[in-house]
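S.K.: This is the feature table in TrEMBL:
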DOMAIN    30-267  domain 'CWH43-like N-terminal'
TRANSMEM  39-64  transmembrane segment
TRANSMEM  70-95  transmembrane segment
TRANSMEM  116-135  transmembrane segment
TRANSMEM  141-161  transmembrane segment
TRANSMEM  181-203  transmembrane segment
TRANSMEM  236-263  transmembrane segment
């Protein structure tokens with residue numbers, strides 16, 4: 001019986017390729033990406049502030065976001081946090097694009113175009129975030145400001161367009177869609193207030209805002225300590241603190257909008273698998289599988 005099985009194994013003809021569909025798998029792990037991104041950025045920002053405060057880089061009064069990761073060990077944590085946030089953010093944008101494409105009616109070409117365009121804007125914003133991480137504000141200030149502006153602007157546009165698309169798709173008039181629209185309005189208000197307070201600071205002398213090179217130079221001429229170490233005795237302390245607060249509120253609202261994607265992601269699963277590139281590959285895989293099964297049968301006998 002043993003010899004018969006071995007002879008049958010060596011003399012068998014290669015099986016013909018089958019027409020069975022490729023094996024696919026599903027996963028729902030992507031639904032946690034928005035929460036993971038929010039957790040990483042919140043935890044990283046908090047840790048940067050703690051390290052910078054105890055290291056003497058910032059005062060206890062609320063600094064700008066970039067000031068918390070400008071020097072020392074906080075700069076390393078700041079860069080790593082933003083790198084991880086950008087990587088996860090790109091995955092969120094790609095997955096969100098697939099889900100919205102599935103939700104939109106095939107006849108609504110305009111919504112498809114808006115969804116595609118907003119996804120491009122979202123990816124550009126993540127490139128800006130990588131630039132912010134690669135160029136801390138203590139290195140090349142103007143380049144850091146350039147990347148920060150790209151990130152903030154395109155991230156705001158991405159969230160607004162996605163909220164609009166979500167509101168227009170069938171079944172989009174739900175509580176989460178209305179919440180996203182409210183968050184977008186709040187983000188725009190924070191952006192305007194942030195720009196207005198900075199504009200007022202730029203028209204004063206000296207200015208204490210760090211987000212513009214001109215005001216940064218004015219501060220260095222009028223003060224002996226850096227802007228991150230501001231205190232209530234400094235000129236225009238209140239309006240500077242308000243500007244910092246509006247920036248933090250703006251980014252917190254953005255993270256809230258991203259985090260709300262979880263409630264859409266949890267209703268979908270990602271389907272993935274592999275497909276042979278040519279019929280010869282299919283035949284080789286089928287022959288290998290059949291031969292392996294014959295060897296197992298012969299050994300058992």
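Backbone N, Cα and C atoms are what each Cβ position is placed from, and that goes for glycine too.
Predicted automatically and left uncurated, TrEMBL annotations should be read as such.
Keep in mind that this is a model prediction, so the values were computed, not measured.
Provide an account of the burial state, proximal residues and distances for the features listed.
M.R.: Along the domain 'CWH43-like N-terminal' (30-267), the predicted structure has mean pLDDT 80.
Sequence-distant contacts of the transmembrane segment (70-95) (same chain, six or more residues past either end, CB-CB distance under 8 Å): 30, 33-34, 36-37, 40-41, 43-45, 47-49, 51-52, 55, 57, 119, 122-123, 125-127, 129-130, 132-134, 136-138, 158, 228, 258, 261, 265, 270.
The list of residues near the transmembrane segment (141-161) in space but at least 6 beyond its ends in sequence, with Cβ under 8 angstroms from a Cβ of it, reads 66, 93, 114-115, 117-119, 121-122, 124-132, 134-135, 180, 183-184, 187-188, 191, 211-213, 216, 250, 254, 257-258.
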S.K.: What parts of the chain pack near the transmembrane segment (39-64), using Cβ distances under 8 Å and only residues at least 6 beyond its ends?
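M.R.: Sequence-distant neighbours of the transmembrane segment (39-64): 70-74, 77-78, 80-82, 84-85, 88, 210-211, 228-232, 237, 241, 243-245, 247-248, 255.
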